[in-house]
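What TrEMBL records for 13-127 is domain 'Tetrahydrofolate dehydrogenase/cyclohydrolase catalytic'. Taken from TrEMBL, the feature domain 'Tetrahydrofolate dehydrogenase/cyclohydrolase NAD(P)-binding' covers 146-288. Among the features that TrEMBL reports, NADP(+) binding site is placed at Gly172, Arg173, Gly174, Ile240.
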Amino acid sequence: MANLHSDGTAVCLDGDVLAATLRRQMAARATRLRAIGVTPKLATVLVGDNPASASYIARKHADCAEIGIKATDIRLPAKTSQAQLLAHVAALNADPLVHGLMVQLPLPAGLDDDAALAAVDPAKDIDGLHPENLGRLLAGTPGLLPCTPHAIWQLLRHHQVPLKGAKVAIIGRGPLVGRPLSMLLSMRGIDASVTLLHSASRDIAEATRAADVVIAALGRPGFVTADMVRPGAAVVGVGITYGDGCSMVSDVAEDVASVAGHVTPPHGSVGPLTRAALLQNLLEIAERGLPG
Ligand SMILES: Nc1nc(=O)c2c([nH]1)NC[C@@H]1CN(c3ccc(C(=O)N[C@@H](CCC(=O)O)C(=O)O)cc3)C=[N+]21
C-alpha cells in the first residue's frame, strides 16, 4: 500500500500544518488588497458565554491578526432578543467597510439559529450557510462554500487522496457538515460517489468498510473503529467531543491509524482549516470588490 508509511502506520492528515500554509497565502492576498486601498474586514457576533464558542471566536480573531484582516468582535448578552440580534446583523450587512460577517452557533435558548443564518446578506455570508448559498451548492453552481466541507475537501486534496469515482462514506447529516459535504463532494468536477449515513442507517460498518474515504461528523467520541475501515482507506474525524478537563476526543478511534492509509490526528485537524476556509471566503468577497 503506497500510501502507508513504511512502518505500517497511516499518513497523518494534519490540519494544523495545512492551515498555517493557508494563512501565509491569505496574508499575501491581504497585503495585495491593502496595497490597492482595500482593508479586508470581518465581523463576528457571539451571543451568550458558551465557553467553546468563545474559544473558537478568539481563535478566528487571532487568525485575522496574523493574516492582516481587520476584525470586529461583537458580544451580546445571553438575554438578547431575536429583534436585537437581527438589528445587529442588519447593521453589519449595511456597513460598506465590513466584507463578511458570521453569527456563531449555537445561539442560546430562545434565539433561532436558522433565522440568524437567513438574516445575513448572502453576498457577505462567509459561513456559506445562508439558504441561498446552500441552494446554489445544491444546484451545482456554488457561491460561497460552507467552511467545514470546504476545509475537508482542501485537506483531502492537499494529501492527494483521490476523490474522482471514489466511494466516500459520510457519517452524520447535520446542516453544518455532513449534508453540505455530501453535496460538495458529489459535484461535477470532484465526482465522488457519496453515501450519507445517519442515526437511522442500518449497517453503517458495512458501508464504511466498502469506502475509500470515511468522514465522521456525528460528534460521538471513538465512533469509527479499526474494524469499520478498509485497509488503506482515508479517514477524517470532524466531530470533537470535550472529554475530562480540556482534552478533545475525535469521532475516530486511535486504533484506526493501524489500518488506515491516511487519518486525522486524535486531537482534531479540521477545526483550524474551518477557520481558514472562513477567512478564504472573506478575502474572496474583498477581492471581488463586493459588496461595498
Ligand atoms: N456560524 C457558525 N460557523 C461555524 O463555523 C461554526 C459555528 N457557527 N458553530 C460551531 C462550529 C464549530 N466550529 C469550529 C471552528 C474551529 C475550531 C477549532 O479551531 N478548533 C481547534 C481548537 C479548539 C479549542 O481548543 O477549543 C482545533 O481543533 O485544534 C473548532 C470548531 C465552527 N463552527
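Placement of Cβ uses the backbone N, Cα and C atoms for every residue, glycine included.
TrEMBL does not curate its annotations; it predicts them automatically.
Note that the coordinates shown come from a computational prediction; the quantities given were computed from them, not determined experimentally.
Distribution of TrEMBL features across the structure.
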residue : record               : contacts (Cβ under 8 Å, 6+ apart)
Gly172  : NADP(+) binding site : Gly178, Leu197, His198, Ala216, Ala217, Leu218, Gly219, Val238, Gly239
Arg173  : NADP(+) binding site : Arg179, Ser182, Leu196, Leu197, His198
Gly174  : NADP(+) binding site : Ala217, Leu218
Ile240  : NADP(+) binding site : Gly219, Met248, Val249, Ser250, Asp251, Gly268, Gly271
Span of the NADP(+) site, taken as the largest CA to CA distance across Gly172, Arg173, Gly174, Ile240 (Å, rounded to a whole number): 16
If you run through the domain 'Tetrahydrofolate dehydrogenase/cyclohydrolase catalytic' (13-127) with DSSP, how many residues end up as helix, strand and coil? 61 helix, 19 strand, 35 coil
Local backbone state of Ile240 (NADP(+) binding site), from DSSP in three classes: strand
Three-state secondary structure, which DSSP defines for Gly172 (NADP(+) binding site): coil
